[in-house]
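*Asks:* Provided herewith is a single structure, encoded as C-alpha cells, for subsequent inquiry.
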C-alpha cells in the first residue's frame, strides 16, 4: 500500500515536467548532487521535513535522497502546497502528506504522519523544519524520539526565533542550525525572493494596478526591504512601519516614509505585514482603512493580521475565489483579505523563483550534512554554518549567471589578511538588516545599548533634517552614527 496522502496522484507527470525545468534553475542543489554523489554523506539519515511542498522543495527532497537520505514530508502551511509537486514526489515512493487547502486539523495530522513513515516503521533521526511546528511537535508530543535525533535545520526567521527561545528556556533538546541567517539565505531568499513573489501573489489574486497606490509595509527586515522595493518599482507610494530604530533609519535613508500603523491605516490601499510578530493589523486599523483596501501577509504564520476579528465583525463575507475574500464592514466599506492572512506569495501565487530557492536549499542540505556527519562540532545549541560554506553556496550559483570573479594576488591577500580563496567574511559577520530582534544582537555583545539609543535619536534627527524646508543634509549625521 502506498504511504502518502496528496490531492491527486495523477498530477505526478505534470509535476515531474516542472521539476525538470526547476532543476536547471537550481544550480546550487545540482552542484551538491554532483559533489557528494559518491560519498553519500546522508546515508542512514531519516529526515522528516516540514516545508512548503512546492516544485522547488521537490528538487530539495530529491537532492537529499540522492545523497543517501530517507525522507518523509509535510507542508508547513495549509495553502502553500503545489499539488502536482506533492504528487510527483509521492510517485517516487517518498511518503508525502500535503495538499493545498488543508484544515488546521489535517495540517497537524500530516506532520504527525511523517514521524514514523520510514521503511520498517522506523522513526525520524533528523528534522528539516520551516517555522518550527515539526520541532515543537516532537519536543512536546513525541519526546521519545529526541534521543535518536541528531539535529534540526531551521529555514525561516520565525522558526529561528522559536529555536533561540527554546534554547534560552532550556527546552531545546537537540542541536540546531540556523539556516535562515546564512547570508546566502536571508540576503537572497528573504530579500530578492520576496521582491519578486510578493507582487506576483497580489496581482494573481486581485489584478490590481499598483502604480499610484499607497502601500503600507509593516517591517523593514530583509523581507520588508524586498517587499517595499518591489512595490515602489511598480509606482506605489510606500509607507513603512517599524519597531526597530536601525531598520527605521534604513527605511528613511532609502527614501520611504516611516510612521505608525495607526497613522498609515487610513491612507493605505495595499497592506503587507512582514514582521513575524502578532497583532500588526487589528480592529482599529481595519475600521480606518479606505474602500477595498487589500490586506495581506508574507510572514510565516497567520497571527500578524487579526483575521478572527474581521470575520466576527464584518456584516458580510463573500469569497471571490480561492484565497480571496471580501468583507463588508459596518461602515459600508469593504476589505479584501488575501490567503486568509497567511503567506500571500504561496497562497495566491507559486512562491519564490527556483534560482533563489536554490541558494536557501543548498544551505539546508549543507546543514543536514553537517549535523549528521560532524556532531562534535554542533553540541546542543543553535549554530550558524561557517562563512566558508556560505561562500561555497554563492560560488555554486555564479556560472549560471556568467559571473566572473576577480582573484586577489598574494600581495593583496596579505595586505587584507585574508586567504586568496576566502572565506572573505569572518564567522561573526552578521547582517543588521534581518528581522531578528535587535536586543538579541545586544545580548550577543555585537551592538551596545548606547549605540541603539544614538540610532533612535539619529532617526528623529534625520527626519527633522530631511523634512525641514530649505534644509541641507550633510553626511555628518552618518559620520556621527559611525
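Numbers run from 1 along the shown chain.
In case you wondered, yes, glycine gets a Cβ from its N, Cα and C as well.
In case it helps, TrEMBL gives these features for our protein:
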| type | residues | note |
| --- | --- | --- |
| BINDING | 54, 130, 155, 185, 189 | substrate binding site |
| BINDING | 156-158, 221-226, 242, 247, 298-300, 345, 352 | NAD(+) binding site |
| DOMAIN | 190-351 | domain 'S-adenosyl-L-homocysteine hydrolase NAD binding' |
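Walk me through the surroundings of each of these features.
*Replies:* In the structure as shown, the Cβ atom of residue 54 (substrate binding site) sits within 10 Å of 25 other Cβ atoms.
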*Asks:* Taking residue 158 (NAD(+) binding site) as the reference, which of 54, 130, 185, 189 (the binding-site residues) have a CA within 10 A of its CA?
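*Replies:* Near residue 158 (NAD(+) binding site), where near means Cα within 10 Å, the binding-site residues are 130.
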*Asks:* Over the domain 'S-adenosyl-L-homocysteine hydrolase NAD binding' (190-351), what does the predicted model average in pLDDT?
*Replies:* 97
*Asks:* Which of the binding-site residues listed here (224, 247, 299, 345) have a Cα atom within 10 Å of the Cα of residue 189 (substrate binding site)?
*Replies:* none
*Asks:* Looking at the binding-site residues 54, 130, 155, 185, which has the shortest Cα distance to residue 345 (NAD(+) binding site)?
*Replies:* 54
*Asks:* Rounded to an integer, what is the Cα-Cα distance in Å between residue 226 (NAD(+) binding site) and residue 185 (substrate binding site)?
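*Replies:* Approximately 13 Å lies between the Cα of residue 226 (NAD(+) binding site) and that of residue 185 (substrate binding site).
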*Asks:* The record names 54, 130, 155, 185, 189 as the residues that bind substrate; what is their largest Cα to Cα distance in Å?
*Replies:* 18
*Asks:* Have a look at the binding-site residues (156, 158, 247, 345) and report the one with the fewest Cβ neighbours inside 10 Å.
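*Replies:* Per-residue Cβ counts within 10 Å for the binding-site residues 156, 158, 247, 345 bottom out at 158.
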